[in-house]
């Protein structure tokens, strides 16, 4: 008994191990040093990523020779691929490699991609010398050079000097940031707490579907029948209470004579492809309940991705000079960052306490995650309306030169600020919602769902631009998003997005009202630790 108590006091109780696979010791692993290293690592990696991402649309138009619509589509597809790889990362992390190895491998790929991009830009793409600025686009490139470029940026996907034409210098700065982040991450290896990969969450998911399908002929009125609740729990898991929704899936947990016979014949446990525990069935139900909410977030991501594509192209066609100083169009995203920082602080310190005092139904409780996500959708509609109004006035003040206007680029500040505010309510609320509602064994998968919504939002944006251009260029018209924005109607595209997002908000309200929150018991590690002590 004394030995068990000492082990409880010295080692962590969440299933984490050190780099050698032994139980992690509280005093030697984790703590603030590890957290700070990972935080700085993420900051440097994010800086490197956005150093490329926010300038990519201008690089495609000025160096790679694409028009505005094609460049916007290329950026959307690339960004979509960036975030879809998060699903691959979650799968490998949960099932095979673990979190540490997955992070190390994919960050290494990130650095390699940036190195290739920097080399290829300096040695292959900037021809003739000095090209790549608005007044001097580069000449067309061979298929080989184009392949090298796309290989580089998609390697980055697997893991602000540019506006002035110093593309190699900007890419090398991003490379240095990413490399420094990787070194810091590896430095903290002895201090990290590692988690052993578990069985694939996809296997657990599919087992329920297969078992329920095999028992499809069982009478649905089975309230009095025995539902299998396994006594074997993985460390850190929580038993989820049975719910009445998705009754078809409950068949997977019904113990039949065939299940008992097969168990006796095998001499071990039940066949997981014929019989699943109530907790396992409820995990699948949790995922199914999240899907409608998740689908409603995709259209928000369509709005969000405009900040890295059409917002930048719109800004580049406005007045960017303050006397002799030229403001890079891509640098306007700094107002988004400032907005995010301000609204996070304002929400935590002022808005959340205010909503808690006004809440008469549940005193001292602020906005729920679902309510915050709804507010994010409303602000996104306002941002698109603002962007459309700015474009109307930009066209009224357009110049004689291609993609020029006397309207100051600072008129874009409201739309960037509103996008930042919507992020605080939508993406932060979405991440907290998915993490709180996902089963313990699917936490990484839940986080990946957030990234997947951004990914699909980018692909939908690319598809939407293609459809709009296909329709709006009929009868030899230039279309809404032509190479010369002064001949197009970008405002109509923004208003289209505002209308679609407003319709999405209505559907979201229905889905949010229908949703039922997960109910679980104490985790297995907590209950067993209490018994041992």
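Cβ atoms here come from the backbone N, Cα and C positions, even for glycine.
Residues or ranges marked as transmembrane segment by TrEMBL: 32-60 (among others).
Residues or ranges marked as transmembrane segment in TrEMBL: 81-98 (among others).
Here TrEMBL flags 104-126 (among others) as transmembrane segment.
Residues annotated as transmembrane segment in TrEMBL: 147-163 (among others).
Sequence annotations record features per position, and here TrEMBL assigns transmembrane segment to 169-188 (among others). Counting residues 6+ beyond its ends, the transmembrane segment (169-188) has Cβ neighbours under 8 Å at 33-34, 37-38, 40-45, 47-49, 51-52, 55, 103-104, 107-108, 110-111, 114-115, 117-118, 121, 159-162 in the same chain.
Through the fold, the transmembrane segment (290-312) approaches residues 53-58, 68, 71-72, 75-76, 79, 329-330, 332-333, 336, 370, 373, 376-377, 380, 383-384, 387, 412, 415-416, 419, 422-423, 426, 430, 433-434, 437-438, 446, 449-450, 452-458, 460-461, 464, 481, 490, 493-494, 497, 500-501, 504, 507-508, 511-512, 514-515 of its own chain, all at least 6 residues removed from its boundaries and within a Cβ separation under 8 Å. The feature transmembrane segment is assigned by TrEMBL to 290-312 (among others).
If you look up TrEMBL, you'll see 332-351 (among others) marked as transmembrane segment.
Taken from TrEMBL, the feature transmembrane segment covers 372-393 (among others).
The transmembrane segment annotation in TrEMBL covers 446-473 (among others). For the transmembrane segment (446-473), same-chain residues at least 6 beyond its ends with a Cβ under 8 Å from one of its own Cβ atoms are 69, 72-73, 76-77, 79-84, 86-87, 89-90, 290, 294, 297-306, 309, 427, 430-431, 434-435, 437-438, 479-481, 489, 493, 496-497.
According to TrEMBL, the transmembrane segment annotation covers 493-511 (among others). Only residues 6 or more beyond the boundaries of the transmembrane segment (493-511), in the same chain, are considered here, and those with a CB under 8 A from a CB of the stretch are 292-293, 296, 299-300, 302-303, 306, 310, 373-374, 377-378, 380-381, 384-385, 387-388, 391, 464-465, 468, 480-481.
Long-range neighbours of the transmembrane segment (332-351) within the same chain, counting only residues 6 or more positions beyond its ends whose Cβ lies under 8 Å from a Cβ of the stretch, are 50, 54, 307-308, 311-312, 315, 366, 409, 412-413, 416-421, 423-425, 428.
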